[in-house]
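According to TrEMBL:
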TRANSMEM  40-60  transmembrane segment
TRANSMEM  81-104  transmembrane segment
TRANSMEM  110-131  transmembrane segment
TRANSMEM  152-173  transmembrane segment
TRANSMEM  179-206  transmembrane segment
TRANSMEM  268-292  transmembrane segment
TRANSMEM  304-326  transmembrane segment
TRANSMEM  361-389  transmembrane segment
TRANSMEM  410-428  transmembrane segment
TRANSMEM  434-459  transmembrane segment
TRANSMEM  466-484  transmembrane segment
TRANSMEM  504-522  transmembrane segment
Amino acid sequence: MRMSRNGMIRLVLAIAYTIGVGGSAYSAQSESQVRQADGSTILFFVVFAVLTLLISFWAARRATSSSEYLTAGSSISSGQNGLAIAGDYMSAGAFLGLSGAIYASGLDGMFLAASYLASWPIVLFLVAEPLRRLGKYSFADVLTHKLRERPVRILAGSSTLVIVSFYLVAQMVGAGELISLLFGIGYTPAIIMVGALMIVFSTLGGMRAATWVQIIKAVLMIGGSSMIAALVLVRFGFDMSNLFKTAVSNHPIGHGIMDVRGFAQDGVATLSLGVGVLFGTAGLPHILMRFFTVSDERAARLSVFYATCLIGLFFVMLFFIGYGSIALLRGDATYAGANGALFGGNNLAPIHLARAVGGSILAGFISAVAFATILAVVSGLLIAGASSAANDLVVGLSGRQLTERARLQVSRISAVALGVLGILLGLACEGQNVAYLLALATAIAASANFPLLILAIYWDGLTTRGAVIGGTFGLISSVVLTAMGPTIWSKVLGLGPAIFPYDSPALVTLPLTLLVCWLVSITKAEPEGDWRLTGPSVARYVE
């Protein structure tokens, strides 16, 4: 089908909007924010902020090499790394966004959570061990063990920065709404405050600081969410049927909140979103980087096992928090408007619920933990992006390896640049649903990174040409189809009926990327010769 000139212009605008904004039809109502700053909230916030800065300064004394800065010298134990991975995944997007999704639509939100959890066995059985065995700084190391290094690193660096940008948007939106609620300040100064802290934290402390903040935050997040869930059950006398009956009676769709309505309305759209989440986790740069912080493959495997158990427990708590929010917050003028939308946005459901069941002290504690969550996750994102910029993009574009000192300098400069970009994107995306933004990031990861990673590990026939053309196709097609989907094309930009019928393109782009990689690889053999860059290279994979 040929597209007119006006159609092409509209498509370019939609793609630009998708990359810079990634908006959602399920945006929160940010106009009527409730200001609830009190002494306990501010105290908890200050304690966590000071603690993270102290950890950052402590870690900065050791971050004198690129290996220490980017991977903590591969000295983290499997138990510590499992907690840190869980902390990475128990992000503000998951805590605030999934709770808000359950509050808005019931079991549909839990379907998204289940897809996130189901993605971890894929990481455990297919990715963790070979990634640690082959990699040093980024997933591109796995690709270059048998492919030409320069084009592969340019592609890997580009896709990593796109995915990190999308994921960063989700965290910054949650940060802006949360800090705005915490201190009763506007969204813009809240974003700038968080952005400044994350830049200082990530550029000074590096991966070791991010790891320890993730560990502390994971323990507090699981403890805090368990406390909210327990208090919700106490409120209903531990009678779950009473909890669900109240939630059903409060919600405008009634018993619909107990069904996965997405399948009934459009099973393909729901399946596509699930596919993106299911396979996208194994392509998220900041998750993959965590395997380089442990000493060997066994530790990497154990890390994923521990993380999966903790994440599963966390999602069970979100189930009770989401339905507890429906039962206790809907219809309460203290927390929600007449239309049921929560003050400050549905993303703040767990914060409001904590106040409803535990008062200002619990709300302040949960708010501060959520803030620590945001700070730790965005720092991990900045480090992942900085690592890819230094070890993939700069190396690929320059055609030579960096010295140890240059790699460290480029990494820190890249972290600052990504931090500034995160602030700008966070300001542009005020009011967007963070869970949806996370789903878009994972859809792109599933389409661009996951196919290359799996093929490089398990198929000897993959060629550099096949990987580069296929990976480029996956990256571009996932962004373009997202731009042409109902959310961006029709509901956000108002350009008429959507060209592509689904919000998440993963169901289409993932198999097509695999197909393109295979077709291109079998049609032209890899040229022989030394295809590595000068300098240190990755050890070969040995069965």
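Using the three backbone atoms N, Cα and C, a Cβ is placed for every residue, glycine included.
Keep in mind that this is a model prediction, so the values were computed, not measured.
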Contact yes or no, the transmembrane segment (410-428) and the transmembrane segment (361-389), 3+ Cβ pairs under 8 Å, gap 6+: yes
Highest-contact recorded stretch vs the transmembrane segment (466-484), from 40-60, 152-173, 179-206, 434-459, CB pairs under 8 Å: 434-459
Whether the transmembrane segment (110-131) meets the transmembrane segment (304-326): three or more C-beta pairs under 8 angstroms: yes
Positions on the same chain near the transmembrane segment (152-173), where near means CB under 8 A and six or more residues out: 19, 21-22, 91-93, 97, 138-140, 143-144, 191, 194-195, 283-286, 347, 374, 377-378, 381-382, 384-385, 388-389, 391-397, 418, 421-423, 425-426, 429-432, 434-435, 437-438, 440-441, 444-445, 448-449, 452, 464, 467-468, 471-472, 475, 479
Among 40-60, 81-104, 268-292, 304-326, 361-389, stretch most in contact with the transmembrane segment (504-522) (C-beta, under 8 angstroms): 268-292
Of 40-60, 81-104, 268-292, 304-326, 361-389, whichever stretch has the most CB pairs under 8 A to the transmembrane segment (434-459): 268-292
The transmembrane segment (40-60) and the transmembrane segment (304-326) contact flag, 3+ Cβ pairs under 8 angstroms: no
Outside the transmembrane segment (179-206), six or more residues from its ends: residues with CB under 8 Å to it: 30, 33-37, 41-42, 45, 49, 52-53, 55-60, 63, 68-70, 72, 172, 213, 344, 348, 351, 367, 371, 374-375, 378-379, 382-383, 386, 412, 415-416, 419-420, 422-423, 426-427, 430
Folded-back contacts onto the transmembrane segment (361-389), same chain, C-beta under 8 angstroms, at least six residues removed: 36, 38, 40-45, 47-49, 51-52, 69-70, 87-88, 90-93, 95-96, 137-138, 140, 156-157, 160-161, 164, 167-168, 171-172, 174-175, 178-179, 181-182, 194, 197-199, 201-202, 205-207, 209-210, 213-214, 216-217, 220-221, 224, 227-228, 231, 285-286, 288-290, 350-352, 354-355, 410-412, 414-415, 418-419, 422
